[in-house]
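As recorded in TrEMBL, the features of this protein are as follows:
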TRANSMEM  A:42-60  transmembrane segment
TRANSMEM  A:80-100  transmembrane segment
TRANSMEM  A:112-133  transmembrane segment
TRANSMEM  A:145-165  transmembrane segment
TRANSMEM  A:185-202  transmembrane segment
TRANSMEM  A:214-236  transmembrane segment
TRANSMEM  A:266-290  transmembrane segment
TRANSMEM  A:302-322  transmembrane segment
TRANSMEM  A:334-353  transmembrane segment
Amino acid sequence: MDKGRISSIQMGMMMYLTILATAILTVPSITAKYAKKDLWLSPIWASIIGFFTVIIVIQLSKRFPRQSFFQICEHTIGTLATKLLGFLYFTFFLIASGQITRTYAEFIKVFFIKTPVSVIMITMLLLSAFTVIAGIEVIGRVAQLFFPIFVFSVFIIIFLLLPQLEPSNIFPILENGLLPSLKGAIIPQIWFGELFLIVFLLPSLSDSKGMKWGILTVLLILVTFIITNITVLFILNQNTEFYIYPFLSATQLVNLGDFIESIEPIIIAIWILGTFIKITVFYYVTILTTAQWLKLSDYKPIVWPIGILIVEVSFWAVPNLMVNNHIDITVFPFLFPIMQTFIPLFILGMAVIRKKSKSLEI
Amino acid sequence: MKWGIFFCVLIIIGVIILYEWKTIKTYPKKDRITFFILLIIAGALSLFDLPNLPGPVTLLESIFQPFGNFMESL
């Protein structure tokens, strides 16, 4: 459908920004609520889902090279079930994109108090829509451009925070056993599961290193997760859970010789860069899902109509921030793994069984 | 029902149709129908007071309620 080609490194960068852009700000606080001082251990458990998802998706694409996700489904579970699955994924990605756009808008609204939420969302979606129309190649290149800025800024902030760090905050390790850190992993696994999106990018890869870079991306995300969580823990200690955006609050403490201080606008700027990639990738995947589900000849005409739908769904699904935080804890930790890990696993299982029964027939 | 929002969405839909009109004519029938159906859904949704309307997430919340209770008890 999309003739553009990206390299697997660009795919890795896209996924890195897609996952970390929102995770870096909100996840430490949610993790700390359950894991308390073991919050730096939780990403390790959560990343298991990430590795698992990448392996499932890569195995699927190895069995059916250069085929879209719904074509794979048709080969394994039949046309009718695929149509139903297509509808489920369409609504799922619509809700996910709406929720992401809304979270972005609510964060920006903290600084732009008088601007209506809809204006913030529409301006961002307008930009994303143009990028989506330009195709996967442009999204890949934009991600490649923003990736070094994002990583460099995060690590320069951590470097500037070095004088404030108190490594003794890490003790006691595993005070109440492993269970709190495992509980804390329930929420971050949503973000690791988002690596499922590579199933839509794999057919556009120009090389065959998808497996290598997929696994490397999970590792890089894991390392960044652990580093940010440890930084937040070293600075805010057990108070981490009471901040909505702990990394932002930690950044406000940067003070080098009364000269370098108040650098939190940098983190807001890099967060916007990252979220732009995140919204664009989700927007692109929503459109690709619709086009592949309905077997359209091109995805470009539906970009604008879906854009309006995303704005409307973001108001429909997320009426206010209270509901947003509530569904983040009660619905998404179950919905996301089902859609992103277990359904692909089921399809992979079906593919394996079908192949075996076919070889037996012969 | 908020007429202001509805008319704003109608204007946006009109702009989209005008903008895409030249290209949409060259696409197959299926694409054109999808394009217009999606626009009609978007227009119809803007008639409702969406934040207070039970939606897909309300459904999901009731489906995952046992799990949700488990998460809140942790």
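Numbers run from 1 along the shown chain.
Note that Cβ sites are derived from N, Cα and C of the backbone, with glycine treated the same way.
Heads up, TrEMBL stuff is auto-annotated, nobody curated it.
When each of A:80-100, A:185-202, A:214-236, A:334-353 is scored by its Cβ pairs under 8 Å to the transmembrane segment (A:302-322), the top-ranked stretch turns out to be A:80-100.
Remote same-chain residues near the transmembrane segment (A:42-60) are listed as 31, 34-35, 69, 72, 181-182, 184-185, 188-189, 191-193, 195-196, 198-199, 202, 210-211, 214-215, 217-218, 221-222, 225-226, 229, 337, 340-341, 344-345, 347-348, 351 (criterion: CB distance under 8 Å, separation of at least six residues from the stretch ends). Counted over residue pairs separated by six or more positions, the transmembrane segment (A:145-165) shares fewer than 3 Cβ pairs under 8 angstroms with the transmembrane segment (A:80-100), which leaves the two as not touching. At the 8 Å Cβ threshold, with sequence separation of at least 6, the transmembrane segment (A:185-202) lacks contact with the transmembrane segment (A:80-100), having fewer than 3 such pairs. If you count C-beta pairs under 8 angstroms between the transmembrane segment (A:334-353) and each of A:80-100, A:214-236, A:266-290, the highest count goes to A:80-100. Counting C-beta pairs under 8 angstroms (sequence separation of 6 or more), the transmembrane segment (A:80-100) reaches the transmembrane segment (A:266-290) with 3 or more such pairs.
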